[in-house]
Amino acid sequence: MTEKKGDGTVSETHTHFIKHIVSKDMEEGAYDEIVTRFPPEPNGYLHIGHAKSIVLNFELADEFGGRTSLRFDDTNPLKEDVEYVKAIKEDIDWLGYEPEEVRFASDYFEEMYKQAVHLIKQGLAYVEDLSQDEIRNMRGTLTEPGKESPSRSRSVEENLELFEKMRAGEFADGEKVLRAKIDMSSPNINLRDPVIYRISHTTHHNTGDAWCIYPMYSFAHPLEDAIEGVTHSICTLEFEDQRPLYDWVIANADMTAEPKQIEFARLNLTNTVMSKRKLKQLVDENIVDGWDDPRMPTISGLRRRGFTPESIKQFCREIGVSKADNLVDVRMLEHFLREDLKLKAPRTMAVLDPIKVVITNYPEGQVEWLPADINPENEEMGMREIPFSREIYIEREDFMEDPPKKYFRLYPGNEVRIKHAYFIKCEDVIKDENGRITELHCTYDPETKSGSGFNARKVKGTLHYVEATRAVPAEFRLYEPLIDDEAGGDFMDHVNEDSVQVHHGFVEPNMANVTGNDKFQFFRHGYFNVDPKKSSEDRLVFNRIVSLKSSFKLNG
RNA sequence: AGGGCUAUAGCCAAGCGGUAAGGCAUCGGAUUUUGAUUCCGUGAUUCGCAGGUUCGAAUCCUGCUAGCCCUGCCA
């Protein structure tokens, strides 16, 4: 369990193939220092899959005493926006990582242009006259080689001139394109003279109208890495086929650095969609309440739901890094949230679906303030006092008129403990004209007061409660997975129509002033977060982050 | 099918020629003023399959099977 950081010591846990590669490189002295980067395109919000990559990149470099930068891969102005730049920075910061530097691919447009010219001069790139359709048709198929374009044999001088005109805005979008001259018959389609620059008369969020030609990812990315001195360029599996092109660019550009691309498997979670396209669709079609809806697997959604940075990071560490396609059970994420909050969150009581209990033998008008530990597993959190009186609320589901076997909550004639207070026994059930239970009449035994040491008899059940006259109204939002079933077909057919359950109940009086993102464990319910958007001073709204585990089953 | 990659328990995953770590989930049992926590216990004679090399193979070799990715002027 040596998990040292920042001193170059390799941890013995969480070992994986990328760490092996880096270890070996460092032992062989291949690099002075390891440099990684997290390179999001600012075209959407970050999700937990990105968190896996963020944790990997930052902690890997940190472990070897290296550095990590944040670099926005903004080479396609059609899809990118500053809104996303801002959100991405915020999410990384919230997770607790500080990039060595923040850069943009667009910072290097001039340098990339020069490198393209360098390729042209070597006869390794040419300006293409063919249309997009013609290029596609001549590319061949998976099993047949492509055909060489007539433009391929253009002279260096003419290519230089045309490329300059492309930059100068003398052509319309799609009229010309710059292609790398590699191999039209390569079995790897990425090497069949890939397009490396296209014309797009579009305002860029960063460079404005300075450019009307933009480099393609496959050309830009290796250059960005080389410029920044990145040693290990970590990306996901679908870029594996691009690695030969990545290496080709590095080999033929006028660059001394030799970054190495390493691919790992992206994260998939049960009951979750994990692509920006799909998440954007959920937002655009108003299936959810924005990118930060508490049901979204986005970092901002998880944050609003109440997940902590530490729980997300620990999850990312524990799932490991490999090249095998995977589908991780969301319950694993939930586990790390519970583990993180177990000792940190105050434990208080909330009644989500109240039913009133009148304790008929308790003096009218009397109130007792009972001592209660804030977290029995963490005494440093101290004590609080909670009121108890003749009328309290308990959970409607904690009473059954006709209970099955092994039900040890309240039922007629049964005695249970009220947490931190007394034993009560159900004497009478009051119903309205529709037969709905409106009130329970109980008696209490003064001798059974909590902390009194009473042990003449035992009860099987302990119920939480909120004192009725001082109860603070609150809204509770419970969540189910947004996606019913991750398998097959259009994911929109699997959207759970009933993924939010709203309850109106009460919390303890001492919770009247909680504010955005405060987290609590509500006894027997789970961990809750004060919704930073919906909650206000006069309307408390709690999101259930995760429930407590439970082995209780009715009828079983 | 041309190329690239992957395959270890229900899920994730270590392992790197010396006899299958760990986590999640599940199911038992003990403790419990949360049906929680905690604690103990629970599963691979076998690593996709078939051959081969070796004293010895999840690890090396050969063949096969299955799954994922690649024919954007997206990243």
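Note that Cβ sites are derived from N, Cα and C of the backbone, with glycine treated the same way.
No curator has checked TrEMBL annotations; they are predicted automatically.
When the ranges A:273-277, A:353-357, A:483-487 are checked against TrEMBL, the one recorded as motif ''KMSKS' region' is A:273-277. Separation of the C-alpha atoms of A:TYR217 (L-glutamine binding site) and A:ASN43 (ATP binding site): 14 Å, rounded to the nearest whole number. Between the binding-site residues A:GLU41, A:ASP73, A:ASP73 has the most other Cβ atoms inside 10 Å of its own Cβ, all protein chains included. Every protein chain shown contributes to the tally, and the Cβ of A:ILE48 (ATP binding site) ends up with 24 other Cβ atoms within 10 Å. Sequence-distant contacts of A:ASN43 (ATP binding site), defined as residues of its own chain at least six apart whose C-beta falls under 8 angstroms from its C-beta, comprise A:ASN76, A:LYS79, A:GLU80, A:ASP81, A:TYR84, A:LYS276. Note on the domain 'Glutamyl/glutaminyl-tRNA synthetase class Ib catalytic' (A:33-342): mean pLDDT across this stretch is 98. A:ILE48 (ATP binding site) carries a helical DSSP state (H, G or I).
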